[in-house]
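Quick notes on the structure that follows.
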Amino acid sequence: MSTIETMSNSWTLQSSTDFLSTGTIIALTIFFSLLCACIIVGHLLENNRWANESITALLLGLGAGAVVLFVYKGNSSKILVFNEDLFFLYLLPPIIFNAGFQVKKKQFFKNFTIILMFGIFGTVISFCLISLGAFLLFKKIGVTSLSTQDFLAVGAILSATDTVCTLQVLNQDETPFLYSVIFGEGVVNDATSIVLFNAVQSIDMDNIDALISLRLLGTFLYLFFSSTILGIAAGLLSAFIIKTLYFGRHSTDREVALMLIMAYLSYMLAELLNLSGILTVFFCGIVMAHYTWHNVTESSRTTTKHAFATMSFIAETFIFLYVGMDALNIDKWKASSASAGTFVAVSSTLFALVFVGRAAFVYPLANFINCIRNRDSSKIEFRQQFIMWWAGLMRGAVTIALSYNQFSNSENKDSALMITSTMIVVLFSTVVFGSITKPLIEAVLLRHAKPDVSDAADSPRLEDLRILLIETGENQPAAAARRSSSLSLLLTHPTWTVHYLWRKFDDRFMRPVFGGRGFVPFVPSSPTGAAEETSGT
């Protein structure tokens, strides 16, 4: 959340309680009134194909900012002062956790290879092109005071896609493949962008050598796997504690509170250890949905599902509402001495670099994936590639937060220009691209959609998968032939084979220890003292 400050000297009068500022109360009242308005307007526009709640909150924020600016006669009110630390610590965790908690795991892990390719390699390609393009073009525009480190930071800042807006413009049921790939890429992309940004801050520009790229790669791989393992460990620990102690026999509130606190604790531990909190809390959400959620009582399941979704919804609305209000902070615009033409030129250049940087990896990587896939039904069509490129053009609060971090305390004369230009990119991409994405998906994909083919149609037969686990004690030639065919099955259907093997391992080892679907938790108050455990399907 952002810090709340007094609106003017006249609002610093103390209320009757001595410790509450009248200005703070007024500012909070205005802001929560706008949140209520966002919810109401979003409900009324639920079926509108051009609008979504992100755009609604953004436009309401702009409108409120304009009104406040008019009331203060063109002077800055400073109702809100952006604090990127509070944004990353309080607003982003519930959004990412709920996304992991609600995501369709089968679809997500089915496309995990694509997600990693786009989220890691794609982000690095975009980072390199945007940094190089900014270095070559900005000097021609007249922006000459930025350092090499600033240009690299610009590449990392503009490589961060807007995961929040993507969640609202794509439908998990209508376009499951696109949703899982674009959203999953967005989570990995945000983590990669932040890692790149932090790496840029730590680089000594006076001592750059040829091994710097290898060090960056090693740092990223360490952060990625460490963050993922930490998230999985936190989720498994919560499942084991709740399954073993069964809090629900006394209070369902304790179950809900423990899930909530341990999820947030995983994020804080990751940040404390300088890991990626985004990846940690995302995988913690996935593990909690797979194990912990099935160990709580029925009432706690309903409560947690809606509680997590509600917190995520409020955080999303808060972010876009704030971005809209902060965009009209007149002090940032006055701090820059650049002309209107320079603003337009810099913003247009950033837009063009985002377009090119996105296209430079979406189409080549998608076609590379098509080349290594044998079945036509699993190839990524050009229409899908176009939507993947388009939906990833939106930039959001992560971009703004990183921009503030890089330029807000800088004495560079073009720092204010970079912040305001970044703000223009975020506003334009969210409003324009976000409003067009829904009708674009309908026009490009849904009207030309092929009849849905069940996943089972593309999967190998269950009997064939069982061949993978036949006893090695068989010595007949037929058994050898079976094992030979199982190897080819593993090579031709790796996803389904790994999924089958994981299910066997999960049912035999993981669920008996950590619980999950199909396993009834221990109930001390029951007549038998325990409920019988049955394996899930």
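Glycine is no exception: its Cβ is also placed from the backbone N, Cα and C atoms.
All annotation found in TrEMBL is predicted automatically rather than curated by experts.
The transmembrane segment annotation in TrEMBL covers 20-45 (among others).
The feature domain 'Cation/H+ exchanger transmembrane' is assigned by TrEMBL to 51-442.
TrEMBL lists 57-74 (among others) with the feature transmembrane segment.
The feature transmembrane segment is assigned by TrEMBL to 86-103 (among others).
Look at TrEMBL and you will find 115-138 (among others) tagged as transmembrane segment.
Residues annotated as transmembrane segment in TrEMBL: 220-242 (among others).
Among the features that TrEMBL reports, transmembrane segment is placed at 276-294 (among others).
The transmembrane segment feature in TrEMBL is assigned to 306-323 (among others). If you look at the transmembrane segment (306-323), the same-chain residues 6 or more away from its ends with a CB under 8 A from one of its CBs are 1-2, 31, 34-35, 38-39, 42, 53-55, 57-58, 60-61, 64, 80, 82, 87, 90-92, 94-95, 97-99, 101-102, 164-165, 167-168, 256, 260, 396-397, 400, 423, 426-427, 430.
Tertiary neighbourhood of the transmembrane segment (343-366): same-chain residues 117-118, 121-122, 125-127, 129-130, 133-134, 137-138, 141, 143, 154, 158-159, 336, 380, 384-385, 388-389, 392-393, 395, 417-418, 420-422, 424-425, 428-429, selected by CB-CB distance under 8 Å and a gap of 6+ residues from either end. Annotated transmembrane segment per TrEMBL: 343-366 (among others), in sequence order.
Marked as transmembrane segment by TrEMBL: 386-404 (among others).
As annotated by TrEMBL, transmembrane segment applies to 416-437 (among others).
Residues of the same chain lying 6 or more positions beyond the ends of the transmembrane segment (220-242) and with a Cβ under 8 Å from any Cβ of it are 120, 191-192, 195-196, 199, 255, 258-259, 262-263, 265-266, 269-270, 273, 275-288, 290-292, 295-296, 513-516, 521.
Residues 88, 92-93, 96-103, 105, 108, 187-188, 190-191, 194-195, 223-224, 227-228, 230-232, 234-236, 238-239, 242-243, 259, 262-264, 266-270, 301, 304-305, 510-511, 514-519 of the same chain, all 6+ positions outside the transmembrane segment (276-294), place their C-beta atoms under 8 angstroms from a C-beta of that stretch.
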